[in-house]
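Asks: Features from Swiss-Prot:
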type	residues	note
MOD_RES	Ala2	N-acetylalanine
DOMAIN	9-508	domain 'Peptidase S8'
ACT_SITE	Asp44	active site, charge relay system
ACT_SITE	His264	active site, charge relay system
MOD_RES	Lys401	N6-acetyllysine
ACT_SITE	Ser449	active site, charge relay system
MOD_RES	Ser915	phosphoserine
REGION	998-1017	region 'Disordered'
COMPBIAS	1003-1017	compositional bias 'Basic and acidic residues'
REGION	1141-1161	region 'Disordered'
Amino acid sequence: MATAATEEPFPFHGLLPKKETGAAAFLCRYPEYDGRGVLIAVLDTGVDPGAPGMQVTTDGKPKIIDIIDTTGSGDVNTATVVEPKDGEIVGLSGRVLKIPVTWTNPSGRYHIGIKNGYDFYPKALKERIQKERKEKIWDPVHRAALAEACRKQEEFDVANNCPSQANKLIKEELHSQVELLNSFEKKYSDPGPVYDCLVWFDGETWRACIDSSEDGDLSKSTVLRNYKEAQEYGSFGAAEMLNYSVNIYDDGNLLSIVTSGGAHGTHVASIAAGHFPEEPERNGVAPGAQILSIKIGDTRLSTMETGTGLIRAMIEVINHKCDLVNYSYGEATHWPNSGRICEVINEAVWKHNIIYVSSAGNNGPCLSTVGCPGGTTSSVIGVGAYVSPDMMVAEYSLREKLPANQYTWSSRGPSADGALGVSVSAPGGAIASVPNWTLRGTQLMNGTSMSSPNACGGIALVLSGLKANDVNYTVHSVRRALENTAVKADNIEVFAQGHGIIQVDKAYDYLVQNTSFANKLGFTVTVGTNRGIYLRDPVQVAAPSDHGVGIEPVFPENTENSEKISLQLHLALTSNSSWVQCPSHLELMNQCRHVNIRVDPRGLREGLHYTEVCGYDIASPNAGPLFRVPITAVIAAKVNESTHYDLALTDVHFKPGQIRRHFIEVPEGATWAEVTVCSCSSEVSAKFVLHAVQLVKQRAYRSHEFYKFCSLPEKGTLTEAFPVLGGKAIEFCIARWWASLSDVNIDYTVSFHGIVCTAPQLNIHSSEGINRFDVQSSLKYEDLAPCITLKSWVQTLRPLSAKTKPLGSRDVLPNNRQLYEMILTYNFHQPKSGEVTPSCPLLCELLYESEFDSQLWIIFDQNKRQMGSGDAYPHQYSLKLEKGDYTIRLQIRHEQISDLERLKDLPFIVSHRLSNTLSLDIHENHSLALLGKKKSSNLTLPPKYNQPFFVTSLPDDKIPKGAGPGCYLTGSLTLSKTELGKKADVIPVHYYLISPPTKTKNGSKDKEKDSEKEKDLKEEFTEALRDLKIQWMTKLDSSDIYNELKETYPNYLPLYVARLHQLDAEKERMKRLNEIVEAANAVISHIDQTALAVYIAMKTDPRPDAAIIKNDMDKQKSTLVDALCRKGCALADHLLQAQDQDGAVSSDSEGREEEGESTLDSLTETFWETTKWTDLFDNKVLTFAYKHALVNKMYGRGLKFATKLVEEKPTKENWKNCIQLMKLLGWTHCASFTENWLPIMYPPDYCVF
């Protein structure tokens, strides 16, 4: 047996399938039509130029002609211009950069910028490098430092059982070092590499260099030109294996570092056009084709596509005169075939003859799950994913071959407006090249992302042959050839495979044989505002319906007017279904003609029905239809009271990959459904997909979708629940996973439940005190346990500024149509650490269908550090923020300034997740709610029975800090008592806040005011004049006022405090340290420390004016601590200054030593005195404690205080103090990592969009 297996040839043809599409047969017939002369734009995560198979074409040309990042995620602001001194410049990282003498720069001017590597590293690479850096750079050194610190601590503890006061500090020092090292390990965070970037003009072209070694020696780094000039690229190192190229824009002021954002794009390009000269069996479908790599997946958004990236990409596609676009991306859209992005795609296709191929989506098996643009845009060829028996053996190593099938997850049509959705299908899996940074040569991936480039490569073969033979073609003729020659698989439904599996050889023959002008035309089919007839809801199929269908020819761009005039098509219209009636003929000229089609679905059985009305040119009927009118009708099953609103099926047989669809008319009043699946098989476990979709006009299918992939064990049972909309048809689909082996039998039931609330969203205004809502059990007896939970509070922001300007050279559409941006700036305060979700309500949830080009927000802290970003789908971009102030910059782009100006006051919201959820009390009648008595618990509602509930307001002490008028809380209302009902039937709740209650004033202040009233006016004037002079004393650089007031008010403490603050805040502070000490002593001497200590020791104060006394004593203590700390800081600075001057020759060195000893004694005394009154980690004391530790060279204690200072005030200067202490302690690894954080935490400006 083993010998037989090893002798069997390896099925290489199944690794990257070409046989199924006729590509292999075509290349056997025409080996030179292998894609030569064809340029494919791959709009994806970017293509790695160093990946296997991405170097050359079959005729020796560069495989990748250009690599472009249109997202902006790799952009570096290089507007800062410097000139070297002595061959060196200081980069924005702070590193000294050595300019090699071999560089040519006639102007001597360099544009510099900085970029954090983790900003553009792919997520998987970032995670790998973080792990490797910790294991190789951090862990070995840190473990040794921690072991040494523990050893010293242990030795000291053994030698000093009863330490003195001085030894206590040494013990604390050693303990601090151990504590800090442990803390650094817990808080370890890798900033990643930080690269200095240089751009300059060498007299002929722009060049760029990135300091990838991070040591400033630029001779080690690669100098690059724009990739298109010489196909140059560099690599960030042997560990990363991340290849990169550059593009330079705006006269050197902007550098784009282009890397792949993921493995997806390289895999796609390898399928379409990979070429392996030594291993031709590994070739892509069109190895002779060239690639234009355009990165449209924004690394900042986890490679999500953006409007900016897509529109810039289409500009590049047009400018490079591409023949084909492969786009293996897409999202669900609220309305098909519409929006700015789709408009730009349509323009590229119809005006520039660019064939646009895209994935249909991976959201099946339910119908109408095609994504945008692949399955919803008229100009795009949407490709479904097919799996063949050879693929099952070669790629998936299945034990046995199964019949060819569509992947379970491949999206199905029709689109919401009736178009077929899926145009054609192609193999949806491959083992192909991936980027080098993955450390793999190849990888198995599947999806319509893989079927699209397979089809695209096949089309490239066709175009290669047509170009070689000078056969003219249009996007319309190529699409018609593909659809009319595709092979339909009998066991696969039309909505999954479209017109069938593409056949490259037959499509080529079709185009060579059918060269008439009519075949080069496109045809726009419209049914009102739709592109087909789609009858799905019960009301639509209850009676016959007439539909006016418009058919209009679409001419290729630059068609002569004479040809438009001469167009006269004699068309035959056919339908093969008895339930559809249409005219038999149509005369079509250069205008939109309308015909009437009648659809009568009354006699159709329950389920799904599809047919087409096809239009044939009677001059060449064998060429197939010129256009099709797709017609879909769904006849839904009904469930009613007699069946307990259940649909039950027993002992249902499932083969591998088999799908069973059930269309059900959801009963009016139903709000959720429960599905229960039971296995009847005792020997086979089975994988199933449970999928349900309801369509609502102008809502994407995902808005009312349920999806569950489950593994059902032998004789196992599972139950799931999902929300439904009453009165509309729902498709419930249960599908056996495509790769499952053996047959299986199951029972399953779909049961409907209904608890209807009067409002689809509950809006509660706290000002009303009590809010009512009513509930009805619509279908059957239901157990209720109403519960309202609030999980977030929402802050509404208005822009502080709105600035509009034209964008750069990358943002000009054909015919010099300039694009513009508006940047809106918002500020908000985060009251405490927590998770936030920013969003723009007007534009969010809109991407392809949006009328604006794009939206992108970036959030910054007060130091302009980028904290996070997001775009159209806010739920994907939640982030955790610490307490502080933040700025949000929102970019919106459009071609018309007037449309942008309308948004200059656009509101923006920030949703703050509550650390603890809040609940509202619910009562069954108004009186109970008014008195705050018995809350509603559990009750059972009979069918059709109505029950009111009353909600009371949230107590004021529960309102989150920072929330106020204009803010609201969000959460949900659940009504069902069952866990399944709670999970599925959820009603959104908004709770609107009002102003908080006015707090009563402090009684002590009132008493103070009363005592002030008793003073006569002259006394008041004298005191006011005194206080005014004290106020101005601190602003004037003079001692005159102080001396004057000291004579008049020798015992007035605030005067001495003001003098101390005046001296301590002066620019010449270091020259007046002795005066500061004297001023501090004056303050201290005017405080009765004994009386203060006695008061603090009191447990209670029974005196009637206790509040006033407490206030006065608190002020005295605060003043005393402040004076001690300022005195201590002045003494410490004096000693640190002297330490810096050690070694200097001086005649009075002995006198200085005595003075230093005296100052040190005074410092020590002040330190211990301070500890009597407060904790060393008090905010006021931290600076003094830090400086005291420095004087005593106790760097561990110093670093502990310095890190606390950073927490309180995270300035760059405070961080530099920490770094200095880390170096003094010998912890260079900590210092190095912290130094790399500085340019990230304190960038010179906001990052570019």
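Glycine is no exception: its Cβ is also placed from the backbone N, Cα and C atoms.
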Asks: Go through the recorded positions His264, Lys401, Ser915 and tell me which ones have a CA within 10 A of the CA of Ser449 (active site, charge relay system).
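Replies: So the list reads His264.
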Asks: Show which residues of the chain containing Asp44 (active site, charge relay system), separated from it by at least 6 in sequence, have their CB under 8 Å from its CB.
Replies: His264, Gly265, Val268, Ala269, Ser293, Ile294, Lys295, Ile296, Gly297, Asn326, Tyr327, Ser328, Tyr329
Asks: Please report how many Å separate the Cα atom of Lys401 (N6-acetyllysine) from that of Ser915 (phosphoserine), as a whole number.
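Replies: Cα-Cα, rounded: 53 Å.
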Asks: Averaged over the domain 'Peptidase S8' (9-508), what pLDDT does the predicted model reach?
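Replies: Value for the domain 'Peptidase S8' (9-508), mean pLDDT as a whole number: 96.
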Asks: Can you tell which of the recorded positions (Ser449, Ser915) has the fewest other C-beta atoms within 10 angstroms of its C-beta?
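Replies: The recorded positions Ser449, Ser915 were compared, and Ser915 has the fewest Cβ atoms within 10 Å.
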Asks: According to DSSP, does Ser915 (phosphoserine) fall in a helix, a strand, or coil?
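Replies: Once the DSSP labels are grouped into three classes, Ser915 (phosphoserine) ends up as strand.
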Asks: Out of these recorded positions, His264, Lys401, which one has the fewest other C-beta atoms within 10 Å of its own C-beta?
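Replies: Lys401, out of the recorded positions His264, Lys401, has the fewest neighbouring Cβ atoms within 10 Å.
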